[in-house]
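Peer 1: Just passing along the structure, written as structure tokens.
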């Protein structure tokens, strides 16, 4: 006997006809469509209303911190490595140019930071530019990032779980506090008072990972955007968020260079500025309105309490192995949200073309991330070895990347979307019109609009519900649901119900808009894989400084595809599970970051003296694999689209015949 929820005696227009699971309550909140949810926000006073505009100062200042601190922090760490190297080899002494941006030392001429360079370092104006020292720096970077990412892997599931239970702001705070700690540790490690060398950096990496760190930036901002924007324009909104990041990257390096110059060449002066800015951000986050609805919090906390109770019923082993097993299970539990059937099907969710759609989309994204973050991990050591870049050249490059991102997201990305809609949407509409005329029985017969057909189905179904029935060889609810499916199939709505849609299907125009938007996201996501491939392969083929800038511009254009990925990911998740979905994605991102840091750092340390650009061949391979996976995804979307179109045409034909 089936264990279905009993159908209500007095159904309303928001009542679920076919519950997605016996354990899913008929919450009216779950059945709200996107328009209803967003309309409710407009009733809130502006100063308490969640809006994407609250994020503008936050994103701008965060990007400013990144732009100011990126190069000085890495250069400062490289100087710490250099100091350790010469100290260990007994070559400490006074060398004013060793740890400075010009002729002054890292700490404004402090003689304790100077060395006499020996071995093959003497052929370089700055002995710290020697390939073997830069290789040591690359290894340290890879170790620090691996430690941070592995630690984050063990904790990020917990932190992202707070998104749905306590709200989106909880993650923003959890991101800012460790960032301040990081800058303070680098400041102390770069000072003349540091007696521990690079060991403190390992402590910083551990704390950064244990608190989630920078991995929480994307899920916190994307979840807030998902709560306050419609899915049709979400990718463009995420693109504008990238514009704000690019503005900070344009201004940040210039501001950092100005601060360093007027501080006597101290890299650490730029880091001191970032500490002040991050402290101001902590106060600003306090006044930002929370975007997660109270009902969504209630449901997420209820699910969490139920999960805790279920786990408490299981036999608990007392050995350390069993405790470790339970902990690791909790660590990787967020990833299980992508197992088919784990995401609730509600009125605010778009049906997936295949049960493994999300897994394939994540695979593409992670291959792209492997390219993007892997190159970022070794970029400064690579340019130091190959082109002898310093902070000034790094600043030029990061400013150029900021300008490129600004152009991509303000001009190129919106223009690409506009061209796509003009070219492809128009062709699809013309094709649909021809198909409808072909399938119609006669041009003289009246058509039955989608809204009228849906109303007809609801009326018939309502009448069927009110008619008393006796069980026919089985459970009463089984027979009732079977008759409901018959009515829905007659009206051409069964396919939508099987995908988890509401009993009252959205108007055809809205469905068509969502379909076209989905195709836009999918195609642009694939283009980004191609751009990542091109940006990676041109550097080893033509290794010049100009090629590095061209590659950076192309990679900035490819990064736009990550906004399409974020839009697709949140498109398939209801509001009360957005945090879980983004949290699961964040855990997988952390695994990718860990692998990329170890792989790129290890390869560069082995090839920096002979073929520094070899790591870009690895990036090209990863980007090529992402293209192949995208082709599979495209074929699934195409097949699903053809199936849905055929069902819709058949439903229109049946409705026309019945009328």
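Cβ atoms here come from the backbone N, Cα and C positions, even for glycine.
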Peer 1: Out of 482-503, 548-569, which range is noted as transmembrane segment by TrEMBL?
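Peer 2: When 482-503, 548-569 are checked in TrEMBL, transmembrane segment belongs to 548-569.
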Peer 1: Of the residue ranges 356-376, 419-439, 440-460, 461-481, which one carries the transmembrane segment annotation in TrEMBL?
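Peer 2: Based on what TrEMBL states, transmembrane segment spans 356-376.
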Peer 1: Quick check for me: are there 3+ Cβ pairs below 8 Å between the transmembrane segment (581-603) and the transmembrane segment (356-376), leaving out pairs under 6 residues apart?
Peer 2: yes
Peer 1: Contact between the transmembrane segment (237-260) and the transmembrane segment (52-70) is defined here as three or more C-beta pairs under 8 Å separated by at least 6 residues; is that satisfied?
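Peer 2: Stretch pair touches.
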Peer 1: To the transmembrane segment (522-542), which of 170-188, 237-260, 356-376, 396-416, 548-569 is linked by the most Cβ pairs under 8 Å?
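Peer 2: Between the stretches 170-188, 237-260, 356-376, 396-416, 548-569, 548-569 has the largest tally.
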Peer 1: With a cut-off of 8 Å between Cβ atoms, can you find at least three pairs linking the transmembrane segment (548-569) to the transmembrane segment (170-188)? Only pairs 6 or more residues apart in sequence count.
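Peer 2: Answer no, regions not in contact.
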Peer 1: Any contact between the transmembrane segment (267-288) and the transmembrane segment (170-188), i.e. 3 or more CB pairs below 8 Å with pairs at least 6 residues apart?
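Peer 2: Yes, the transmembrane segment (267-288) and the transmembrane segment (170-188) are in contact.
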Peer 1: Check the transmembrane segment (615-637) against each of 170-188, 237-260, 356-376, 396-416 and return whichever range has the most CB pairs under 8 Å.
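Peer 2: Most contacts with the transmembrane segment (615-637): 356-376.
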